[in-house]
Amino acid sequence: PCSPGAFHQDPNPNEPQASKDKAELRNYTEGKLLDRVYNTYLQMHTHQTVDFVRRKSAEYGGCSLRRMSAMQALELLDQLVDESDPDVDFPNSLHAYQTAEGIRRAHPDKDWFHLVGLLHDLGKVLVLFGEPQWAVVGDTFPVGCKVQKSVVFHDSTFHNNPDTRDPRYNTECGMYQPHCGLENVLMSWGHDEYMYRVMKFNNFALPKEAFYMIRFHSFYPWHAHGDYKHLCNEEDLRMLPWVKELNKFDLYTKQEELPDVRELQGYYQALIDKYCPGELCW
């Protein structure tokens, strides 16, 4: 695998500029899509338990359901609008190109990072395999320990989740040791963990930063709000700037003008051929 190169957070003229004011993004108190978003999280926070996550992990972890290329998976996302996202009401495939192009402008020398932008949400094909959106999209959180305050709608959506009443799972650390590392934590099941499994199973030739960014990019309570630090180890803290960097482009490239996919496909197909070619197991 290639080396990721140095990570710099210098001011960059190619920083993404949000089409909305930053304060308007990820607004979970008002907006035309709020009912749809709230209901997705209500279902998620009711049904995502330790048992549920273990079941889904076993079901999908073997990547034995179907075979298709990365580009075919991306084209499937033409059919998907994410019902947990208060900022976007267009297909997820377009958001993939927006994110990738934002990263490409700011990090022209890191082609592997451009590909991460394109692939970061590919795990959402789970919806098209028949999974409900609440088991695929949205912010992730650790199951098996107490829910922290920055989890979206934390105070109004967990009342019917049995784990919140289980003494094994409802303390600060729950079933974990302090600073055990996020790789040892069971996250709510969704597109992050699934895509990470697909990347590992198919031996994507990407640096470990790429695997990590995709695995935890939806863990907003941690990377955006600083919660769950008591579960993190030094490796997690070393990776945090990379996750934040991806997040910047994931969030702030959701512009109204949509990319011309036909024009961009050749460049990204070449990256797929370089790092994750051919038919993949899903």
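Just so it is clear, glycine is given a Cβ too, placed from its N, Cα and C backbone atoms.
Caution: TrEMBL annotation is automatic and unverified by curators.
On a predicted model such as this, the values are computed, not experimentally measured, just so you know.
Per TrEMBL, these features apply:
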{"type": "BINDING", "residues": "Arg26, Asp82, Glu83, Ser84, Lys124, Gly138, Asp139, His217, Ser218", "note": "substrate binding site"}
{"type": "BINDING", "residues": "His95, His120, Asp121, His191, His217, Asp250", "note": "Fe cation binding site"}
{"type": "REGION", "residues": "1-23", "note": "region 'Disordered'"}
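Report note: the Fe cation site is defined by His95, His120, Asp121, His191, His217, Asp250, and the residues of the same chain whose CB lies within 8 Å of the CB centroid of those residues, excluding them, are Ala96, Thr99, Lys124, Ile214, Ser218. Here Glu83 (substrate binding site) is positioned 16 angstrom away from Asp250 (Fe cation binding site), judged by their C-alpha atoms. His191 (Fe cation binding site) has Lys124, Ser218 nearby among the binding-site residues Glu83, Lys124, Ser218, counting only those with a Cα within 10 angstroms of its own Cα. Within the same chain, residues at least six positions away from Ser218 (substrate binding site) with a Cβ under 8 Å of its Cβ are Gly138, Asp139, Thr140, Gly190, His191, Asp192.
Asp121 (Fe cation binding site) sits 14 Å from Glu83 (substrate binding site), taking the Cα positions as reference. In this structure the C-alpha atoms belonging to His217 (Fe cation binding site) and Lys124 (substrate binding site) are separated by 13 Å. Around His217 (Fe cation binding site), taking its Cβ as the centre, 24 other Cβ atoms fall within 10 Å, counting all chains.
The two recorded residues His120 (Fe cation binding site) and Glu83 (substrate binding site) have their Cα atoms spaced 17 Å from each other.
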